[in-house]
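What follows is a short report on a single structure.
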Amino acid sequence: MTATIIDGKAFAATVREKVAAGVATLKADHGITPGLAVVLVGEDPASQVYVRNKGTQTIEVGMNSFEHKLPADVPEAELYALIDRLNADPAVHGILVQFPVPDHLSETDIVARIDPAKDVDGLHVVNAGLLASGQKAMVSCTPLGCLMLLRDQLGSLSGLNAVVVGRSNLVGKPLAQLLLRDSCTVTIAHSRTKDLPEVCRGADILIAAVGRPQMVKGDWVKPGAAVIDVGINRIDAPERGEGKTRLVGDVDFASASEVAGAITPVPGGVGPMTIACLLANTLTACCRANDLPEPDGLTA
Ligand SMILES: Nc1nc(=O)c2c([nH]1)NC[C@@H]1CN(c3ccc(C(=O)N[C@@H](CCC(=O)O)C(=O)O)cc3)C=[N+]21
């Protein structure tokens, strides 16, 4: 069997179109423009690329983009003062502090400082708790993007066995909650899981979010399963020339795509959905802040 390739890049474009339509309606009917603030501390080159992409796409869907670049040695108090200002600013509906941050700063404390209603990364403990207890939350962008791709591919997820490999607060745990809410039977597995390949072979939906390049092999995949590859790993690619690199996921695409029913590629799978869902979350946060109905099809 050869798997259907799930085109995350194309699907992300349709999500951005929906966001743009929602933004246009907000402007026309209510005179409100959603705003996203992105804070970048230091000069990590990969982070700079992501932040630039986010800024461009934010403006493309008609939102306001507020970029704040702080030096790598910024005192903690100064970063918190900025977050406090953004929390209080009615033009800002979403706040994202790009991770990783330099060692003298604490990601946990930074997230705790952000108003949960503006936490478009869905990382605040309030949002984690709301999601886990089935209430209205801000949901992390990557899990939300995975859920949208799965619903589009499979229709109903009810009763399916989902195995999530990875237990991070950013992806594994919230995605498991979302799948549970869609009535999957969910297993959260990880690198220490006993006989991981056998556990994975039971999955109708297999999510790889462990951060280990090409770890999930074709013989871990149940024939016909939907495979979602969350990993983004840069590895050496000497076949492309000296010093060259390429992006691979946590799934060994070549072998897995011969067994799966559907599979996301890397790049062009989950990655583009993450940024599209950041925009969707900003629109959702703006609607909630103004007591307006939430956009259709853009929330969990
Ligand atoms: N507070 C915070 N929230 C984040 O969500 C967050 C973060 N910090 N720090 C960094 C990671 C990484 N991340 C990506 C988003 C999109 C792509 C993406 O669009 N990737 C393209 C390829 C891009 C390329 O070619 O390098 C793709 O997979 O097709 C990748 C990675 C969000 N992150």
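In case you wondered, yes, glycine gets a Cβ from its N, Cα and C as well.
Keep in mind the model is a prediction, meaning the values are calculated, not measured.
TrEMBL annotations:
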type: DOMAIN; residues: 6-121; note: domain 'Tetrahydrofolate dehydrogenase/cyclohydrolase catalytic'
type: DOMAIN; residues: 140-288; note: domain 'Tetrahydrofolate dehydrogenase/cyclohydrolase NAD(P)-binding'
type: BINDING; residues: GLY166, ARG167, SER168, ILE232; note: NADP(+) binding site
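In this structure, none of the binding-site residues GLY166, ARG167, SER168 sits close to ligand 1 with a C-beta under 6 angstroms from any of its atoms. All protein chains considered, the CB of ILE232 (NADP(+) binding site) has 19 other CB atoms within 10 Å. Residue density at SER168 (NADP(+) binding site): 17 other Cβ atoms are found within 10 A of its Cβ, drawing on all protein chains shown. Close to GLY166 (NADP(+) binding site) in the fold, though at least 6 residues off in sequence, lie GLY172, HIS190, ILE207, ALA208, ALA209, VAL210, GLY211, VAL230, ASP250, each with a CB less than 8 Å from its CB.
Shown for the domain 'Tetrahydrofolate dehydrogenase/cyclohydrolase NAD(P)-binding' (140-288): DSSP residue counts in helix, strand and coil, namely 59 helix, 30 strand, 60 coil. Taking Cβ-Cβ distances under 8 Å and a sequence gap of 6 or more within the same chain, the neighbours of ARG167 (NADP(+) binding site) are LYS173, ILE188, HIS190. Residue counts for the domain 'Tetrahydrofolate dehydrogenase/cyclohydrolase catalytic' (6-121) under DSSP (helix as H, G, I; strand as E, B; rest coil) come to 62 helix, 19 strand, 35 coil. Restricting the average to the domain 'Tetrahydrofolate dehydrogenase/cyclohydrolase catalytic' (6-121) gives a pLDDT of 97. Here the binding residues for NADP(+) are GLY166, ARG167, SER168, ILE232. Their largest Cα to Cα distance works out to 16 Å.
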